[in-house]
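Asks: Here's a structure for you.
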Amino acid sequence: MKLLVLAALLSVSAAAHIITPRALWQFRDMIKCAIPGSRPYSEYNNYGCFCGLGGSGTPVDELDRCCEIHDACYTQAKHLESCKSVIDNPYTNSYSFSCSGTNIICSSKNKECEEFICNCDRAAAICFSKAPYNENNKNINKKERC
């Protein structure tokens, strides 16, 4: 019985790991649409107090504030009934969007959770495109500055 439960947990975990990179790639692609030539993972991960995994404290600048707002948007999404399952949640759910120039369009065919997450990512990508990037806020000491 214990082996059956363990197998079920591992299969759910494996499914989440398969889906997660796709969801992250979509956000990355959205940022690349809004900011052509950008390198989202290397530029925005571990930037300020909120960009990257987790986040707390006070944003260090406008760009970091974009990440704080994005985190809050995902928190709101988790309260939607349609975003509460293992697969349909902000961190693993994929959605449909298109890019025309630097214009990001979330598909009208997205379901409720997908639409909400797509719009969270869209708003963040647009916010990133308008915020100045300060190299001094990359890989900061979060204990001291956040």
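The backbone N, Cα and C atoms fix where each Cβ goes, glycine too.
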Asks: Have a look through D61, D71 and flag the one Swiss-Prot assigns to the Ca(2+) site that F50, G52, G54 belong to.
Replies: D71
Asks: Regarding the disulphide bond with C118, report which of C83, C99, C106, C146 Swiss-Prot records as its partner.
Replies: C106
Asks: Given the recorded positions G52, G54, H70, D71, D121, which lie close to C146 (disulfide bond), meaning Cα to Cα within 10 A?
Replies: none
Asks: How big is the Cα-to-Cα gap, in Å, between C118 (disulfide bond) and C127 (disulfide bond)?
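Replies: The Cα atom of C118 (disulfide bond) is 14 Å away from the Cα atom of C127 (disulfide bond).
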Asks: G52 (Ca(2+) binding site): which of the recorded positions C33, C66, C67, H70, C73, C127 have a C-alpha within 10 angstroms of it?
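Replies: Candidates kept after distance check: C67.
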